[in-house]
Structures are given as C-alpha cells and as structure tokens.
C-alpha cells in the first residue's frame, strides 16, 4: 500500500493514537466514527476520510476495531519500531526529557546525554554519566542512534544540529527556542513550547473555553 | 476593533511573533509578505489575509513595520500583559518549566511550585520552597495567580485541574499526558509532547525532509 498520506492527516494521527490508547485502557474494543467525532471534537466525515486514507478498518453499522486501528496507526507512524535516542544539553529540559517515561513506553529509548559544559560533563543524570559533546563523533560511529533531542541554549542549537547531521544522525527533535535547518533527507521537528502558552494567553484574555480553539 | 479572529489564524500568530522577534534581533525593521512567505514557508496571500484580519500594517511596495506588527500581535495574544504563574507537580518537567527563562522574557512569571508528595514539599527548587497542594486554597485567595501549569502524573491531572478551577484559576497549561476538561470560561491548553515525536518518527521512516510536513 502506498503511504502517500497528506501532512494534515499525519499531524492528526498522534491524536487518534492517543484517543485509541485511552479506549484500550478502558477495555473498549469497537468505536464508531460518530462516537469518535463527539469525543475528539472532530467532524465525523473528516474522521472517516482520514481513516480511509490508509485503508481504514470500519464496517458500516459496526465501527472500527480499536486494536486494529491503533496498530495500523502505530505502523504508519513508525511506532512499531524501537529507537535509540540521545539528548544534547544536560540542562533542566534535557534532564526532564531524558527521564520522561512515556516516551519509553512507545519504544523511544533515551540512552545517553551530552553537554559541552565541563561543569556538567561527568556528573550523573538519572544514572547516566553526562558525556562530552567532543566525544559525539566516535560515540555515534560505535552506537546505533536514531534520534537526537537538542536541548541546548538557542545559540548552540544550529551548530549542534550541523554536528549531529555531519555524524550521520537522521532525525532531530529540537527543543531549543529557535528553528534549526537541516539538509534534505534529515527529519526535524522544531518544538515551540511557548506557542501554546501564547494561545493560552489569548484564550485567557478572550475568556474562551478550553476546547474553543 | 472586534477581535473575532479565526482559530486557525490565532494558532499561526505565535509563529509570526517568533519570526518577527528574530527579525528584530537582526535589526530588520521592514518586511514584505513575499519575503515572509519564503522564510516562514507560508503562502504569501495567506500571510496577507492573516495580517489583514486584525487591520494589518502593510503598505503596497513598502512592506510591514516589524515593530508595529510584532506589537499588534503581542496585543492580540495578550503578551502585553504580565502573568503570575504557578506550577503543580515538582517533578522533572515541572522543575524544568519553572526555570524556563524564555517564558519570563514574555511576561510569564513563574512564582511558586506545589506538590502533594511529602518527600518533595519543603525542598527547594530554583530558590523556591516546594509548597503543599493542601495550601493551594488559601494561597490562591491571597495571591493573584493567572495561570497554573499542571505537571503531575496522568492520574492526578484532572483532579488538579478541578481543584484549581474551584479555587478560581482561569487558565491551565497542562503537560500531563492526558487531556483535562474544564468548565466554560476557563482556558486550557493540553500540551502533547509526544505528538511531535510521533510525527518525527513518521518523517524518519519516510525519509521526509524537516520542513516536508
């Protein structure tokens, strides 16, 4: 099956996945698009269109199998794989992400953490010794690392990305408060924590209910 | 001026804001929609439509004033205000957000941190003593708090939200890995860190360039 799924649908898949996980934890094994529509706040016909994009599993008047649908979405997102992850930047955000158990559950295994600050290198974070970024090159030659999380200050973000890409890293999850650019063939997600804080500020000002936007 | 701006435009405003901040830091004071289009990866006519929503400030063949546009977007998002913020949950994520300097720069002042774990209450986080959530009620009566950040484990998230709302909190920024629901008139933003990780996983699998989605 071709995997030509539109970016907008891809962006919605994690939301479906979370919702299906919740159904599973409640031991619900079938779900209709209309019920999903009510609970997820999405249009029912959009849900049907989205799920049809990758074959769907719904039967008229019967609904979707929660297990099958979740499995299929996991497969499309690549969550049926295991990933080795390193963190660059052993500040508070880096340490928090290193210890974020929820990622582990989905196959993202954070194995090591790096910093360029001599005061941090050698200290322990969650049972792992903080490594010197100067050792990245030989480290990455030896180990099979899939994803690097950048948690450096803004001014080190792009050079960290360049370094990682030059050493063969193919996916970067960037938490530094600036976008990093990468060459074709390397995946990047720039996370902007403050974006949702700004939207919250707008909602607060306009007294808009949580689900209003 | 009416502030009826569509949700989709509101969601894009933080991105404009960040971009304008970057221009400002580079001492650029005028920008055309076509240049913005190239640099932001958005359609130029969409940019013009977006900015027209709130009056715009562009002049044909002259462009937008970076300063005026940034100021106007800040006003719409409520970033011209100052907010007092508390953190609920003194785990790693809570501590990281408490120390996240970038929020401070935009007027979000994290003043205190709470936990229900006797082992954490009374310890110090970034110079602040972790307070007992049992003291929230009297604390919120006394202090003028605008926003609460929920960083509790999943199972405490909704009850924390209910508590905060019952004590008059009007805005919740939720980092627990589950959506919290609030009554009308209370603003909430549920942050799902893993959503972008899942999209990154998809991009890695499909070898899609960073800006491809």
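Keep in mind that glycine also has a Cβ here, set from the backbone N, Cα and C atoms.
Given the structure is predicted, the values throughout are model-derived calculations rather than measurements.
In TrEMBL this protein carries:
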type     : residues                           : note
DNA_BIND : B:15-54                            : DNA-binding region
DOMAIN   : B:78-179                           : domain 'CoA-binding'
BINDING  : B:89, B:90, B:91, B:92, B:93, B:94 : NAD(+) binding site
Under 8 Å by Cβ from residue B:93 (NAD(+) binding site), counting only residues of that chain that are 6 or more apart:
B:151, B:175
When you measure from the Cβ of residue B:91 (NAD(+) binding site), which residues in the chain that are at least 6 apart have a Cβ under 8 Å away?
B:115, B:151, B:152, B:153
Counting only residues 6+ apart in the same chain, whose Cβ is under 8 Å from the Cβ of residue B:90 (NAD(+) binding site)?
B:113, B:114, B:115, B:117, B:120, B:123, B:125, B:130, B:151
The number of other Cβ atoms within 10 Å of the Cβ of residue B:92 (NAD(+) binding site), counted over all protein chains shown, is 19
Overall pLDDT of the DNA-binding region (B:15-54), taken as the mean
90
Please list the DSSP helix, strand and coil residue counts for the domain 'CoA-binding' (B:78-179).
35 helix, 28 strand, 39 coil
